[in-house]
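Student: I'd like to ask some things about the structure below.
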Amino acid sequence: MVGKRRETAEPVVSASERLLFGGPLRYDMGWNQHADAFLALSFRAMTTQLPGMLASSLRLARQADARAARVLLAAEVGRGVAQAVSLLAVNTALGKLLTGPDIAQRLRAAAPALTALAVVMLVAALLRAASTYATGRLEPKVERVATELYLERSANVELAAIEDHAFHKLLDTAQYGARSARHMIGYGARVINAMISLVAAASVLTVLHPALLPLLVTMTLPSAWSALTNARRRYESFHTWVQHARAGQLISGLLTEPSAAPEIRVHGVGPFLLRHFRSMSETAEAEQARLARLAARTGLIAAAWTGVATLATYATLGALLLAGAMALSVAGTAVIAIRTGAANLDTLVLEINQLHEEALFVGDLQRMYTAAAERAIPVGGEPLPEHPKEIRFENVTFSYPHDEHPADELPPREQPAHEQPAHEKPPREQPAHEQPAHEKPTPDHPSDRPPGGTPPRPALDNVTLTLPLGRIIALVGENGSGKTTLVKLLAGLYTPDRGRILWDGVDAARADRRLLAERIAMVAQDFKRWPFTARVNVAVGRSAAPMTEERLAASIAEAGAEEVVADLPRGLDTLLARNFSGGHELSGGQWQRLGIARAAYRRGSILIVDEPTAALDARAELEVFEKIRALAGGGQTVVLITHRLASVRHADLVHVLEHGKLVESGTPDELLARGGVYADLYTLQAQQFTTRVPAPRPA
Ligand SMILES: Nc1ncnc2c1ncn2[C@@H]1O[C@H](COP(=O)(O)OP(=O)(O)OP(=O)(O)O)[C@@H](O)[C@H]1O
């Protein structure tokens, strides 16, 4: 029991993981258990799934390059047949050589068989060359096709899926699937080849003596068992440790990343991160050592078993010869057939096992394809009104899906998780990622509730408000009050758990999401600073449109970013990535101008700006608000999120949020007169400028 317990891949929780990531980073493999992937790791399953695996490799190959796939298949079948024919030729030649009056006559009699053998070997060599060429052509193409689909599907899923850690784990594991798909081609080809050769050797053996075939199988079983056992361990371990590996890469990436570099130097974070990198690597190395120890043990057991079986086989052959039950020539062919057959069977088992292991990873990739398709942004839907008058949030409630592993569920320090056998784990409620992807957990759902805790507060709680189009609407509220969440819902990035968002009566949930996105231009708080040229950083606002100088110049002017561009060493062609040669870095405020230029380039009818002036100096801030006002003057709707309440004065309508609820709405003057939350915040900010700073007292 104890030995069994040690064999499981249950994690040892290192102090580094606890400190940096709040607990063990390994997964409970819920996803795979759910998908029965582990059940598939038995010998029976492996053989029954073989036709499916071969078909899947063939399909992959055909998709990538149908001609090369045909050449490969034909070459491998041909090679298998050639091996069978050569064995028969050897059998005939041996028969002729060992029986007959004199050696010259025997040689003459064996000559046709020997010639046939030479021809077959030549053909086999040619086929091998053809197979090598076709495999070399196919493999990179298969990998590219699989990777492209992976990237395409990942880019197409809902934001909520990307933020869901279970889906992310699937993305992590599936990224190896493309490489496995590539390997499956070679393994698949070799399996076909080995199967045909084996059938030939087995048929010859059965004809020679019926007892020889079972002996051949017994000789090969141990290596099959050992290969399968090790593959299962490797696969389980990979799945358990995939997050841990990612975290290790994350730490090493942080140590070289330019954005972390200043703090690493000033705060001396380097040794701290290095220490934890070492500790995490050592934990991972311990797992590698565990696998190696087990593999060595399994290998030894298998070798002993093979030795006994080989001895038994040759003893049987000797007994048959002694008893006169077998001629010497037949025994000679039997030895060759046993050697060829054992080699074929060994290869076959190893190749099937490799194919199976790769197929498991390709299975992850296929699961990711399916999950991504289920969570893809829906295509089609109702058209939105051409020129809507208003967008109305009606009783909108939204909660972010929260982690189902709250900190209090982590194994306590005194009882490391690895001391608990897997099957003795305390039963958990069904985690969110095991639910069908489309069933979004809501706070009302039992699985969304931390055990013994209260459900998290919704980010938006029963919000009803109107956004009149063609105006400037400001969203105001303290940190975490739900402003960004509201605009993300407006942009269709999330859908409400309850309530509706109506565009002049058309529910956005039923609308065509791509058409909805067409209308929106957004400068998010943390908008992407693409590591490309300044030109691309602006034009990426509408990458599908032709990139014209006029449009670029107009957008840059609208954002007041002319000076930023003029100061760049190579103008718009300057690469904005410091870590490449010739790369240039912008200041936070300069980036913000480019971000606004990007949104202007998009020319969406609704411009969402989230904290557009956070990094701007006082003069630049005034200027940017002027530009934003001008945009609204041209009929564009501006939804503005800002903490600078002085800048909100020009808004047509202000909505004030507090703890996810709408608490006030009105024009800035109305809200000031009302003396509520807005007036309080406004007065607080105004006081910062009017209160005289007391002179420091002498010590
Ligand atoms: N991606 C996310 N996943 C989970 N929770 C989130 C996510 N984004 C925001 N939240 C939570 O939702 C609540 C509202 O956040 P939101 O970003 O909408 O606030 P905000 O009013 O824009 O704040 P700020 O003024 O600081 O930008 C917060 O409690 C926050 O922790």
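From the backbone N, Cα and C atoms, a Cβ is placed for every residue, glycine too.
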Student: Quick test of your reading of TrEMBL: among 35-53, 187-205, where does it put transmembrane segment?
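Tutor: Matching range for transmembrane segment: 187-205.
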Student: Of the residue ranges 294-314, 357-377, which one carries the transmembrane segment annotation in TrEMBL?
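Tutor: That would be 294-314, per the transmembrane segment entry in TrEMBL.
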Student: Give the range, chosen from 211-228, 319-336, that TrEMBL lists as transmembrane segment.
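Tutor: Of the candidate stretches, TrEMBL labels 211-228 as transmembrane segment.
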Student: Find the average pLDDT over the domain 'ABC transporter' (444-684) in the predicted model and report it.
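Tutor: Averaging the confidence scores along the domain 'ABC transporter' (444-684) gives 86.
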